[in-house]
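What TrEMBL records for this protein:
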type: DOMAIN; residues: B:323-430; note: domain 'Major facilitator superfamily (MFS) profile'
type: TRANSMEM; residues: B:6-35; note: transmembrane segment
type: TRANSMEM; residues: B:56-76; note: transmembrane segment
type: TRANSMEM; residues: B:96-124; note: transmembrane segment
type: TRANSMEM; residues: B:168-193; note: transmembrane segment
type: TRANSMEM; residues: B:214-236; note: transmembrane segment
type: TRANSMEM; residues: B:242-258; note: transmembrane segment
type: TRANSMEM; residues: B:270-296; note: transmembrane segment
type: TRANSMEM; residues: B:316-346; note: transmembrane segment
type: TRANSMEM; residues: B:358-379; note: transmembrane segment
type: TRANSMEM; residues: B:399-423; note: transmembrane segment
Amino acid sequence: MNEKKKSVFIYIIEIISNCSLAIMFLSVMAGVISRYILKSPLFWTDELSRYLMIYMVFFGSALSFRADKHPSLTFIIDKLPKKWRLIWDLVIDLLLMAILVLLIWGALDMITSGPVGFTPSLRIKFTWVYWAIPLGSISMLIEIIFRLYRRIKNLSHSYLSPSQEQKTGEY
Amino acid sequence: MSLALTLMLILFAFFMLAGIPLSFSMLLSSAVYLIMTGKPLYLLAHRMFTGIDTTTLMAIPFFIMAAEFMVLSGTAERLLKFANVLVGRFRGGLAYVNVLASMLFGGCSGSAIADVAGLGILEIDMMEKGGYDRGFSTAVTITSSIQGPLIPPSIMMVLIGATTGVSIGALLIGSAIPGVLVGLSQMLVIFLIGRKKNFPKSNIILSPKQKLLALLDAFPFLLMPIIIIGGITGGFVTPTEASAVAVAYGLLLVFIYGRNKVKIKDFWKILYNTVIVAASILLLSGSSNIFGWILSTEKVPNLISNAVMGLSHNKYVFLILMNIFLLLWGMIMDSLPAILILSPVLFPIAMRFGIDPLHFGVIFGFNLIIGLITPPYGAALFTGTIISGLSMEKLTRNMLPFILSSILILILTTFIPEISMFLPRLFGLR
């Protein structure tokens with residue numbers, strides 16, 4: 001249970017978000033060092049680190065789903081009988097998929113509609129930064145679909161097993 | 001209130017209580033509002049972007065990562081030894097050591113969970129070997145951990161500053177005295193209980209040379225808070241840069257003290273651990289931006305503050321109500337989401353009552369920090385039950401005097417603004 005087998009998909013997401021964080025750190029440090037030691041502040045460090053953070057957040061959120069780290073209030077649904085809890089988890093996953101689709105739609109709308117400018121100091125197209133949102137959301141969606149698949153498999157499994165237990169108990 | 005807004009709020013409450021992750025509860029209910037009012041969906045993505053694209057928020061992943069490095073480099077063991085030299089020889093000594101070590105560790109890490117999970121296991125083990133029962137040992141470990149987010153660095157204060165615009169430096173320094181007072185009040189509780197229950201006294205006498213060695217061992221780690229606080233108060237670095245420097249210093253300590261045991265895989269693991277926690281918090285910051293934007297275009301904070309002003313015009317009545325409300329809220333919700341959900345509504349009200357935003361920010365954070373150790377939902381309490389294997393009821397009974405002493409300090413901080421305002425004013429941060 002602890003060491004789930006990592007799929008290629010998760011591995012790629014992990015590389016993107018971990019590297020974003022690492023480069024984010026190096027970039028901020030480069031800013032500090034250039035200001036104090038080299039006495040010539042680099043102009044692009046703040047922007048680069050902020051945009052990497054966007055990538056870290058949207059891709060990392062797929063990992064947070066896997067690690068179950070997204071804050072949620074579960075004290076009510078924890079009281080549900082086990083079977084209903086399993087079914088409710090499926091409903092949650094479906095709702096999550098719905099909002100992710102809306103978010104991807106909105107993000108693509110933002111990227112494709114209207115002229116998009118360049119970032120102030122790096123002079124790259126804002127589109128490159130914005131792409132983090134739909135791409136990250138798609139990876140969250142994929143992770144949710146995987147999870148839904150696992151849960152349905154679990155559910156059908158647990159549907160079968162209690163009745164089998166009952167049978168062995170009765171006879 | 002328009003129909004769309006009413007529906008949005010009802011849906012949000014429903015989604016939230018139905019166990020949908022908070023950031024997605026916000027997004028989903030906001031999307032319903034946008035569709036109903038005919039506003040374009042790209043606002044969803046654009047507002048999220050704005051809510052995350054802030055330099056100040058970057059301090060959150062960095063402070064999380066710095067704490068991970070400190071644990072990896074063996075801070076916990078060294079600080080514990082050092083605390084033992086300072087207060088270990090008194091009656092109930094090991095309990096004092098527990099509180100003091102958490103205070104020192106609080107200067108290296110900005111979260112209570114890191115304290116309970118990293119240092120806590122060693123503390124409980126140490127106290128049990130010294131003749132204390134497991135319930136009491138764990139109770140001291142959990143309650144003393146709330147010094148972590150109060151004493152700078154603090155992830156919580158960074159988030160409060162980033163969402164409200166109050167100076168993060170001032171919030172970090174301002175919560176330092178309340179943090180130390182919480183520790184001292186808990187030591188007082190130990191003193192009182194110790195006299196009644198006749199706590200054991202340690203009979204190990206250390207030679208001056210051993211004491212000096214413990215100090216030298218702990219010294220590089222004690223330097224961490226000095227670097228952070230000094231960097232910010234001296235105006236050398238921004239809080240975000242200070243958090244990156246903290247990571248760099250943590251890395252340096254890992255290279256010096258953990259060279260033999262640490263593998264490349266550990267660094268990857270630390271990056272991963274940081275990402276999964278930081279991403280979820282920052283995503284929430286993004287979703288609360290669209291949610292908060294809708295609330296403010298519909299003038300909800302105004303409506304609520306009018307309603308509150310209708311109840312009373314006295315700022316102390318308001319602060320008492322706030323403390324009660326926030327302590328209850330903290331019982332059911334984790335502190336960081338609570339900050340993002342409540343601050344856009346509560347801060348404007350506090351401003352209308354003429355409360356200093358810095359003072360209110362510290363009280364706001366303090367309340368939610370106590371929520372970390374109160375049942376039924378307290379993240380630090382929860383971690384404590386996992387590492388000790390004891391039930392929440394048993395731990396809560398043992399923790400009660402400590403929780404009450406912390407609330408006492410909260411009340412003092414509420415009514416004596418100087419407790420939180422003195423240091424920021426001294427350093428000219430406000």
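Glycine is no exception: its Cβ is also placed from the backbone N, Cα and C atoms.
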Confidence summary (mean pLDDT) of the domain 'Major facilitator superfamily (MFS) profile' (B:323-430): 94
Stretch in B:56-76, B:96-124, B:242-258 most in contact with the transmembrane segment (B:214-236), if contact is a CB pair under 8 A: B:242-258
Stretch-level contact, the transmembrane segment (B:168-193) and the transmembrane segment (B:399-423), CB cutoff 8 A, at least 3 pairs: yes
Paired segments the transmembrane segment (B:56-76) and the transmembrane segment (B:399-423) in contact, 3+ CB pairs under 8 A: no
Segment-segment contact (the transmembrane segment (B:270-296); the transmembrane segment (B:96-124)) at 3 or more Cβ pairs under 8 Å: no
Same-chain residue ranges lying at least 6 outside the transmembrane segment (B:96-124) that approach it to Cβ under 8 Å: 63-64, 66-68, 70-71, 75-77, 79-80, 82-84, 86-88, 90, 134, 137-138, 140-142, 144-158, 179-180, 183, 186-187, 190, 218, 221-222, 224-225, 228, 369, 372-373, 379-380, 383-384, 387-388
Non-local residues, at least 6 beyond the ends, that sit with Cβ under 8 Å of the transmembrane segment (B:242-258): 58-59, 62-63, 65-70, 72-75, 153, 158, 220-221, 223-224, 227-228, 231-232
Non-local residues, at least 6 beyond the ends, that sit with Cβ under 8 Å of the transmembrane segment (B:6-35): 41, 43-44, 48, 280, 283-284, 286-288, 290-291, 294, 337, 341
